[in-house]
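Trainee: Structure provided below as structure tokens; questions to follow.
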Ligand SMILES: C[S@@+](CC[C@H](N)C(=O)[O-])C[C@H]1O[C@@H](n2cnc3c(N)ncnc32)[C@H](O)[C@@H]1O
């Protein structure tokens, strides 16, 4: 390289990119790459606030300031649309979740010669970063890290331990895989741990699936004012503030609809927010999530009809889709190619598409545009702050 080059944007995997298309790890928008390859920090380059940044795989972008982070999330979504030649009539302000709001996380732990290590893994490695601080976790989740370290040090075998933490209505729902509790004394230890730390639920998976050992009252998650039973491992939007933004968009965009289908509905995050007086069909393939949604809707007499169906193998057909005033879909990272083909072939004219993967969304968006839809609104959302995971909401009409 002969002349210094300025970083113009952050690429999908978190590297800084120059005008000539060169990628530099650790560089952010506005940094200058000197001829010897060193990074001269620009106005958007900040000192990473967490001591683990650089080794911990949980965050990739703590060296970017708020403006550069926002630009990254926005461009990921807008560029994905443009890459498929899908033009948005309006790009709404990007939402970024603040620090200390992540309400679910899976940590890894291992007993060591000195005690135990617990935390996220290093990037591209199985090594565990022993977490002394975490700026993304909701404080009740982080508060359990030190006690869990002690528990693993005293009671785990030599194998890996996985710990899923979710903030439920009653406190933290904790599911541990890899600690064996044979005998009464070992079980007592786990019960004491749950009681001492006021867990909402403690489940242990000893190779035969999650088994609840402590749950003083049924664990629930309140969605739009409805307390829904919380099954093990069920999907939840990662932050409350992010969920509120997704719901506000969906409610505004689908306000006029009398009947809706919420596809890939999970526990009913969108269905419960959109129902009444509107009627909502909530379709979901995970049986536990489907049953939780159904139970909550029936118990409260809410006009949500829960349907158990695999929408990859058996998407709602065009004739079924045409019965609804509008469709909301929020598929997993793979997107919803088969389902979108049926939506495209139907008579429905209003579709809200929420996505956690701009690439698969853009592919599906193109199929909708080819079927006569227009992308009216597009909002980039960054619930996984400081990471390269990006989400979005979008409204299509025809
Ligand atoms: C991104 S989550 C969204 C869940 C829900 N909309 C929410 O906001 O909480 C995607 C959901 O799709 C479900 N899912 C995955 N594959 C599916 C399939 N083939 N058919 C139907 N649902 C599926 C998952 O179980 C999960 O609940």
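First residue shown is number 1, and so on along the chain.
Keep in mind that glycine also has a Cβ here, set from the backbone N, Cα and C atoms.
TrEMBL annotations: computationally assigned, not manually curated.
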Trainee: Which residue of 192, 196, 330 does TrEMBL report at the same S-adenosyl-L-methionine site as 237, 264, 284?
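Mentor: The one candidate that TrEMBL places in that S-adenosyl-L-methionine site: 330.
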Trainee: Hey, what's the Cβ neighbour count for residue 264 (S-adenosyl-L-methionine binding site) at 10 Å?
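Mentor: A count of 21.
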Trainee: Taking only the Cα atoms, work out how far residue 330 (S-adenosyl-L-methionine binding site) lies from residue 356 (active site, nucleophile), in Å, as a whole number.
Mentor: 8
Trainee: Express in Å, rounded to the nearest integer, the largest CA to CA distance found among the S-adenosyl-L-methionine-binding residues 237, 264, 284, 330 named in the record.
Mentor: 15
Trainee: For the recorded S-adenosyl-L-methionine site formed by 237, 264, 284, 330, which further same-chain residues have Cβ atoms within 8 Å of the site's Cβ center?
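Mentor: Checked against the 8 Å cutoff, the neighbours are 235, 262, 263, 265, 266, 269, 270, 331, 354.
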Trainee: Taking the Cβ of residue 356 (active site, nucleophile) as centre, how many other Cβ atoms lie within 10 Å?
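Mentor: Other Cβ atoms within 10 Å of residue 356 (active site, nucleophile): 21.
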